[in-house]
Amino acid sequence: MRLFTPEAMRAADAQAVELGYPSLLLMEAAGRAVAEAARAAWPEAESYAVVAGKGNNGGDGLVAARWLHLWGREVRVYAPEGHRGDAALARAALAAHLEIEPLEAVDLREADVVVDALFGTGLTRPLEGAWAELAERINAADRPVVAVDVPSGLPYAPHVRADLTVALAGLKPDHVFYPGRSACGRIQLAPIGLPPALLEPRELPELLDPETMRALLPSRPGHAHKGSVGRVLVVGGAAEYTGAPALAALGAYRAGAGLVTVAYPSDARVDPPLEAVRLPVSRWQDARLFEAKAEALAVGMGGGSGGGAAARAALKLKKPTVLDADALYPEVVKAYAAAAVPTVITPHPGEAARLLETGVGTVVQDPLGSACELARRFRTTAVLKGGPTVLCEPGRAAVNTTGNPAMATGGAGDVLSGAIAAFLAAGLAPWDAARLGVYLHGLAGDHLGRIGLTAHELAEALPVVREKLELGYLRPYWEAGLLSPR
Ligand SMILES: NC(=O)C1=CN([C@@H]2O[C@H](COP(=O)(O)OP(=O)(O)OC[C@H]3O[C@@H](n4cnc5c(N)ncnc54)[C@H](O)[C@@H]3O)[C@@H](O)[C@H]2O)[C@@H](O)CC1
Ligand SMILES: [K+]
């Protein structure tokens, strides 16, 4: 599954037409899918109001109105004059059944369900005047709303707030990023007949889905032992930060590491899990660091001002490494790139801004662009944490589809770094380890769900969600009909 920009969606649409696929069939499938989704979501609803715009989103709404009418529902349709192309044909087909009223006549009082077909991906600027008023009236009507493709007005304000959004052909940024996703309510993807080959353009970001993630899970053969399934060395901690390395170690174990060693300054009161090997060092250059048995490292968590020194020492081991928190300084990450050590960096927006020498606002405004700039500049796999977390490495990008705001809690990032390191240690390439770690970590957050969850609990939930993924129980949110965390 890919994340489509409106332009990419139009291009796929145009390619289908070039292949000879009649565009009217796409509109017919889209409108009918909306009608079917609405009927399934509110089976008791008898009366519908369809509020349609002047473009193809409106055309989809007119098709939906025809089907709802044919299924015996009371339908009032409001639309402006002047539809063109397929939308004009959809209008003509509907006009053979029903009177179409002007938008000025919109009356939502008798409607059990409102269909929002004002604007879709063709919106180029914020709604104003009568259009803005219409969106606000739909919201004020306090009726269930089904949005055609996207709630009208997004990504700007004002916009319609829907209970159900039927995403046509593919998912677009407003179905994935906030605040758009909150306005969508439940999201249901409707295939509308585009040839599958047009729906997987490799240059578009991948949306992490259970099927793809399941295939990445490292297998564990019957004769496995703790030295054969991946060993992790956590390097971090400082007098002022003691919990972070322990949480990373827990994350690594709970993601399946066979053995975890924690190296930390001997003057720090780091308290690794009982199961971990302790490696207190008097200084980071201590030769004992090189004795640790590990195939991958997680470096920098809770390193404080010594994080850079810790990372430079750890670099000498030349093993696949997750760099986090206090290791995330430009000179440090560049040193790893220069040494050609496979790395995954896991900054939050503040750390990403520090690496890119820009403001946090710039990072937050364009997470995908920022992650890709990190990947390009530092020749690394970049995991930019956020809602949602995005990933990039030169030539490819991905967006996570699990996780929720309850995960905004201290130590959650340390658990993630440990989990990614465990997958690196198990032999996964940085891109696969990062995607799987991020996906499972978010899934653990969704499993717990509640505000007030702790990092510790996130780690504890990893085996539970891993098992669910392994057994094939999971469906992506756009198929499962899950409500987005608002
Ligand atoms: N593969 C696809 O993507 C398909 C898309 N279809 C539908 O087509 C939609 C896109 O249709 P359109 O490109 O016609 O665009 P819309 O129907 O979203 O918008 C209509 C027109 O409104 C104008 N406009 C933009 N911003 C405005 C504003 N703030 N105030 C007033 N007018 C504004 C623009 O000129 C735009 O062309 C999709 O969202 C989807 O519903 C379907 O019909 C079937 C296939
Ligand atoms: K819409």
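Even glycines carry a Cβ here, placed using N, Cα and C.
Going by what TrEMBL states, the K(+) site holds N57, S152, and the candidate of D13, D86, D112, D116 recorded there is D116.
Among G361, G411, G413, the residue that TrEMBL places alongside K385, G386, G387, P388, T389 at the AMP binding site is G413. The Cβ neighbour count for S152 (K(+) binding site), using a 10 Å radius and every protein chain shown, is 29. Sitting within 8 Å of the Cβ centre of N57, D116, S152, and not among those site residues for K(+), are the Cβ atoms of V51, A52, G53, G58, G61, A117, L118, F119, G120, A147, V148, D149, V150, P151, G153, V160. G387 (AMP binding site) sits 28 Å from N57 (K(+) binding site), taking the C-alpha atoms as the reference points.
Put simply, D116 (K(+) binding site) is 13 Å from N56 ((6S)-NADPHX binding site) when counted between their Cα atoms. Sorting the binding-site residues G387, P388 by the number of other Cβ atoms within 10 Å puts P388 first. G386 (AMP binding site): 21 other CB atoms within 10 A of its CB, across all protein chains. Ranking the binding-site residues N56, N57, T121, T124, T389 by other CB atoms within 10 A of the CB puts T124 at the bottom. In this structure the C-alpha atoms belonging to D149 ((6S)-NADPHX binding site) and K385 (AMP binding site) are separated by 27 Å.
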